[in-house]
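Working notes, beginning with the structure itself.
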Amino acid sequence: MKKPFYKVLYVQVIFAIVVGVLLGHLYPSLAVDMKPLGDGFIKLIKMVIGPIIFCTVVTGIAGMQDMKKVGRVGGKALLYFEIVSTFALVLGLAATHILRPGVGFNIDPATLNGKEVASYAAKAHGQSTVDFLMHIIPNTMIDAFAQGEILQILLIALLFGSVLAHLGERGRVVTDFIDGITRVLFGIVHIVTKLAPVGAFGAMAFTIGKYGVGSLVPLLKLIGTFYLTSVVFVLVVLGAIARFTGFSIVRFVGYIKEELLIVLGTSSSEAALPQLMEKLEKAGCSRSVVGLVVPTGYSFNLDGTNIYMTMAVLFIAQATNIELTWMQQLTLLAVAMLTSKGASGVTGAGFITLAATLAVVPTIPLSGMVLILGIDRFMSECRALTNIVGNGVATVVVSAWEKELDRAKLHAALSGNGKAAAGEAARV
């Protein structure tokens, strides 16, 4: 029997977002007080992200017969991330050149007050490439889980899973125990997900109440350019990759619509990470590939953040009438390819990454970030949405490359018939 429409999660989330926008617009002071609802939901999700990643990766690797496969999957994923990330960076640059959202502002850089962005600049300067790599190694195993550091947890899980795979049957008891814990954790996620409408309402009410719809008007062209470019990236770039792999990007987006609406309401792609991993497994991707690609992608495959970075830098240059040579723009691309790897799926990380990029391109004043500080919160939704779609597509693609994609289950899931028997599915 089909659920009444008002009991469907994505309908509830849409309604919550609309109510949040209305409350923020009509009663801003009250709406700002709703912030704990959004923060609380994200904290509940983040509470289980670390353990889920650990358990999923460990059981996936422990079940692999060939340990060389772990390195092969990781290598293919990183190669895919670099290629697609470069496309995203170039597309952001090209779209800003064509649509020129910053032209006409004629702002004197000397009049900009950089104090408002000083904290972001300080965070950006605080970590070099070596620091980033060293940060992947945790001080202790417990510390990695306590701090919720995804890459550190991933490293521990890789080592743990590798040892279990080497032990074989001697490690079967531990593997089965961790597999049971995984089921419990996903059960917790199902319970927490029911609170998604509350979280989306609180986060959206706070955003509109604090920043106001009026703050969007002067920079609507930049916002429109960014959203349009992100849509083009998903439909054209990711769409072409999806078609080549054998599935429809439109149907895939429809398949993860609940996760996308949670991200839209919270502006954090991490808020939907556990649900996305579960959905990808149900769509025919092997657990081992999902466990390796999705967590890694949250640091190395942020397509929306990549588009935003090159677009924001060029917008500031246009708004302050600074001409960038082609060599400077190529330098910008190279720098952005490195700095973007330090971004995570948490709200606000994109702005810190932008500060890191500008710090290495001194031609453009760091104080220019103040021009987009007020609208960054509204652009973060689009960044997070593009990021999660990009990571989902990446997982399906790498699964196909590894011949670990159950195409029958994939097509059944994307067509809305998720009850296809896994045993009838053909491995490709």
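For all residues, glycine too, the Cβ spot is worked out from N, Cα and C.
Database features, via Swiss-Prot:
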type	residues	note
TRANSMEM	8-28	transmembrane segment
TRANSMEM	44-64	transmembrane segment
TRANSMEM	78-98	transmembrane segment
TRANSMEM	148-168	transmembrane segment
TRANSMEM	184-204	transmembrane segment
TRANSMEM	222-242	transmembrane segment
TRANSMEM	307-327	transmembrane segment
TRANSMEM	355-375	transmembrane segment
Closest-packing stretch to the transmembrane segment (222-242), where packing means Cβ pairs under 8 Å, from 44-64, 78-98, 148-168, 184-204, 355-375: 78-98
Stretch with greatest number of CB pairs under 8 Å, the transmembrane segment (148-168) reference, 44-64, 78-98, 355-375 candidates: 44-64
Stretch of maximal Cβ-Cβ contact with the transmembrane segment (184-204) [cut-off: under 8 Å; candidates 8-28, 78-98, 307-327, 355-375]: 8-28
Listed stretch, out of 8-28, 44-64, 355-375, that has the most CB pairs under 8 angstroms to the transmembrane segment (307-327): 355-375
